[in-house]
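In TrEMBL this protein carries:
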type: DOMAIN; residues: 2-291; note: domain 'Deacetylase sirtuin-type'
type: BINDING; residues: 27-46, 113-116, 233-235, 259-261, Cys277; note: NAD(+) binding site
type: BINDING; residues: Tyr71, Arg74; note: substrate binding site
type: ACT_SITE; residues: His143; note: active site, proton acceptor
type: BINDING; residues: Cys151, Cys156, Cys195, Cys198; note: Zn(2+) binding site
Amino acid sequence: MANLPSDDMASFSVVLSQSKHIIAVAGAGLSAASGIPTFRGAGGLWRKYDAISLATPEAFQENPSRVWQFYHYRREKALKCQPNAAHTALAAFSNKQIRDAVAPESTFTLITQNVDGLSQRALDSMPSTADSEDPQPKMLEMHGRLFDVICTKPGCRHRELNFTSPIVPALAGTEDLMEAGAVEPDIPLSDLPRCSKCGSPARPGVVWFGERPHYLGVIGKLVRQADLCLVVGTSSTVYPAAGYAAEVQRHGGKVAVFNLDRSEGDEDADFLFLGPCEQTLPAALALSEQQ
Ligand code: OAD
Ligand code: ZN
């Protein structure tokens, strides 16, 4: 059996203090403690469907009623959930003054695959400080946002942020139909969300399998310059996000994985902190006292 990567917090804090360009790549495990189900393993089933099979343009084309019910369920869930200590630690770490205490003169960007908006809410609830000298984006939601709604009409593509609950009356209450055997309402297209500009059918503003994630150019630059990559609560199975840590290591940077369990490629990490990231991450970033 090969040795596991180090779980020594003291050595990690030395690496952290010497890092100048830090990124975090996050996944569903970041929001697990908030009560948001992950995609793989327990929690990956919605009604009787595999959550991943509903996250495709083809699924939406075939059954917009079902796919909207799935995203309506996720919207309602996210609205009820609160950011947890891991979101708060990352939000605090994105503040230059706070970060300077543990990683002086460094930059930091959170690259998240999550669409639940919890990292944004954690950032919004940070006390505002003059942080204008930070040139980097604090957070990039590469798989889009649950609360974005996009027009499906090629000539329009209007996108807007919509926190209405329920997003349309026809979806009201369908989030409670969770048993596999429940009769699923077949909602006509005309009662599903529509574009506020042109009236065409609208779709959830998330990136589906087969679609191009957002901010790939900016992310590519951040990954190339990063000397430390924190991998938080992701199974590291979906590309391109799954490849960022290895890319950072290839050019000499360090990788620290924070996951409840073993995850893809973690044996190659420099540090592996197994456990709930809502505990390990605030501790590793020396931000526990900020909660
Ligand atoms: P997954 O569901 O694949 O993985 C979640 C990871 O979080 C697993 O490795 C768990 O062990 C870990 N985990 C669970 N609870 C945790 C906790 N409290 N602390 C730390 N780790 C914990 O989710 P993602 O990796 O985010 O894409 O999946 C990637 C993408 O696949 C998603 O963005 C989504 C999905 O299908 C699209 O929809 C395009
Ligand atoms: Zn439109």
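In case you wondered, yes, glycine gets a Cβ from its N, Cα and C as well.
The two recorded residues Cys151 (Zn(2+) binding site) and Tyr71 (substrate binding site) have their Cα atoms spaced 15 Å from each other. DSSP assigns Arg74 (substrate binding site) to a helix. With respect to ligand 2, the binding-site residues Arg74, Cys151, Cys156, Cys195, Cys198, Gly233 contribute Cys151, Cys156, Cys195, Cys198 as residues with a C-beta closer than 6 angstroms to one of its atoms, given in sequence order. Around the Cβ of Gly233 (NAD(+) binding site), the same chain contributes Ala26, Gly27, Ala28, Gly29, Leu30, Ser31, Ala32, Ala86, Phe258, Asn259, Leu260, Cys277, each under 8 angstroms and 6 or more positions distant in sequence. Taking a C-beta cut-off of under 8 Å and a sequence gap of six or more, Cys195 (Zn(2+) binding site) has these contacts in its own chain: Val149, Cys151, Thr152, Lys153, Cys156, His158, Pro201, Ala202. Cα-Cα distance from Cys198 (Zn(2+) binding site) to Gln113 (NAD(+) binding site): 30 Å (rounded to the nearest whole number).
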